[in-house]
Structures are given as C-alpha cells and as structure tokens.
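This report concerns only the one structure given below.
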C-alpha cells in the first residue's frame, strides 16, 4: 500500500517586502530556489519541496496560506524571512493556516564575506532579525510550529526538517483516514473505548463499524486459484511448518488463513480503508481469528488494533506512514509480562497473534497452534523475535476531556533465553530510564496497554506529530523522574483545561 503519493509536497514560502526594490526581490527568489533545491536533493526529505513566489504584502500572504490549507497535496509549509518582512502582514494568513508549519531560521550564505560586506549585503541578508520579527507574531498568536536553525548545507538541518516532513505526512494520512471496525470492542474493557466523534473532529479520522459477516461474505467468495497463488508466496517468504505444507495434514488451515487475507485485503481496498480492528469475541462466521492475515496487512502499512482498539489502529497506520522508507519496523504491541531480576529488568511484549513482521529479526516461521480464546479453529500465524535496536513505544489514551499520547524510549534486546514454547511473535525491551520509573510513569499518565512499537522512529518524530495534531505528549525517557513527571502531569492538566476554555 502506497504511503507517500507522488503528488504530495511541502510549500516553501519566503517573506520579504517591497521596500528593497525589484532587484532585491529577484535575489531573494534566487536564494530561496537554491535552498529548496538543496532540501529537495537531501535523502532526509521524504517528499518534494516546492518554492512559491516571494511574499511581500498582506493579501498575497493570506492567499498563499489559504491556498496551502485548501490544497490537498500540500502536507505542510516551510516559512523563511530572507529579508525583513513586517510580521503584521502575516497575521491574517497565519490565522487561516491549517497545515503544519516549520519556521526555518537560515540564510543564503554559510560564511560571511567579511571584507565585502556593505549595506546592500546587510539589507539583503537580514534573516537574523527578520525571522525574529516573524517568530514574535507567531508566539503572540499561539501558532503551533517547529523551528529549525542552521544552513541547509548542514546535514543536521535537513535531518530535522525531514523528521518534521515525515510527521506532516503522518498527519496528512490521519486527516483522511477511514477505519473499519469488524464488530465491537472487547466486552467490559475500558482502554479500548474512546470518543469517535471527537477523534474525527480532532484528527480527521472516520471510524465506523461493519458486521463481521459482511467480511465473511467476501472471504467465502475468494477463488481457489488465488488461494493457491498466495500459499506459494507464503512458502517463498517464510519457514513454513511441515504440517502446513501442501503435503501436510493441516494445509487446509493455511489455505483458510490465505482466504481470510485475500478477503480482508479486498474488503479494505474496495472501501478505501487504511486501518481496521478485529475482536476475538465477535468472529461471526470466521473459522479462525485472523492472525497471519493481520500480520501481513500490517507489514503492508495498514493500521490494526486488537479487541476493537480503533485508537491504536489509527496510531499504527499514522506511524507506518511516518516511518515509510526508514530502516526498522513498526508494529501493534502489548506489554505482557516482566523480567524483574535486579539489574536485568526488561519487558516481554506480544499479542495473541498480531505482531507485525516488519520488526522481525531474520525470516519468520509460519506455524499453527491452538488458541484458547475465541472458540474457533487453530489459527495460523508468523512467529519470530523482534530485531534488537533503539525504539519508541507510543499509546493513545482518551482522557474524556482530551486525547493524550504516552510514549517511552526503549531498547529492544534479544530474549535472555530462547522461547521454544511461546507460539506467538514477541519483542523484549529495556525501557528508559529503568523499568520501575518507566512503568510507574506510564501508569500515572494513564497510558494504554495496547501500543505501537517502532524501531524506525525516534522521540522527535513523536514531538512533531503531537505538535501538529494539538495533542498532549507525555514522553518517558532517560531524564524522566517520578517527581518531575507528577508535576508535569499537573501542569499539563491545568494548561489543557484552561486552553479548552479560552
């Protein structure tokens, strides 16, 4: 499934004014084009950057930002004040902007030509205070934005702009997302519930429910020839258990798993859905709880949440888009159990079946095992250990009055010992700053037990996404203390309640 359509772009807006004359404006445009070309050539940018005409007056600024807001292909705006652009000209435009904004504080030249500097040079290259003017009005208006300082030849500048651009792509995907719930939430579970109307108002995602037997009807219509072809793909991609091979006694179970995948994929494609949920308590006429099918759809970029958890499904799809093209993987995850030996503390995460193979180390095995819940036939699933490396965990909580992201920086590690009797995919990680602080902080913040684990993303991606969506982010990292977090949560609650009342 395509994550970053070719037509998507970021608009680069350069501010100036008519005071300096047309020759200076032409130079400003030339310098802006060079900066855009450098950004466009950077491997850090996942989407093209498009230079727009230099903006010099209130009406053209307002029109440019209205156009950015109304243009579906524009996922965000980068703004730079090359010369001095009086910021009162930007007020109505900034007030109309509804796309993510990055304020690039840069200049055309990296080194000053000391012996050649005259007042013409000073008038042209005055972003040092032109951007301060621009930032002051943004702060007064409460404009959400990211600020990046430095010359575009500095790889760190392009890297940080690239992080923001990825978050903007995620926000764009979120704003147009359609999610299909097959059945309802797991009975009596609190954390998988949430306000779907507020989610659509806040994020733009449309969450609706279909009967499981609507899916079953599509599954039952899948052609045998298509099942044959998909089973061949399984054999090429995974280490298939002997009993599931064509000569094995349980090959029919694999064929039914393939039938579920083909039917589910068809249903989602036809409906324009990029995320979905299932619930083992509501399987209708399905003979298996979807396992392999869900894992492979996640690997292709779909969002998923178990037990009807649409919030985590939304989050997974969003972060899949943010991470597209980066090394590592991104998966649905659940904290399951702890290793509490002093000095060796770590968390074992898994789920009944549905962990994405994008985080796998090596070639997954395709197996069949009993499942004690759901009351259906034994489901097929991929089994693997997650690849070691730095990662982030992120959950989305509905606090009633607002949504909150809760995140944790972690280190995925190899299992301390082999897990020969655990018939599901799994990940083991050490949370920052330590298990005790991490878990106490997570519980204090009301973080959910379903999360997204990503070895492709870092904390700055999460910061940028939270800023763009106007969502609180509680991030547990190496610097977190329980005392400090308790204060942060109190201050944050006061801030958000006050902000909603204004």
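Just so it is clear, glycine is given a Cβ too, placed from its N, Cα and C backbone atoms.
Per Swiss-Prot, the feature Mn(2+) binding site maps to 307, 334, 351, 450; the stated evidence is sequence analysis. Within 10 Å of the Cβ of residue 307 (Mn(2+) binding site) there are 23 other Cβ atoms, across all protein chains.
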Under 8 Å by Cβ from residue 450 (Mn(2+) binding site), same chain, sequence gap 6 or more: 191, 192, 305, 306, 307, 309, 312, 332, 333, 334, 395
Cβ atoms near residue 351 (Mn(2+) binding site) (within 10 Å, other residues, all chains): 21
Cβ neighbour count within 10 Å of residue 334 (Mn(2+) binding site): 20
Cβ within 8 Å of the mean position of the Cβ atoms of 307, 334, 351, 450: remaining residues of the chain near Mn(2+): 305, 306, 309, 312, 332, 333, 352, 354, 449
Residue 307 (Mn(2+) binding site) - helix vs strand vs coil (DSSP): helix
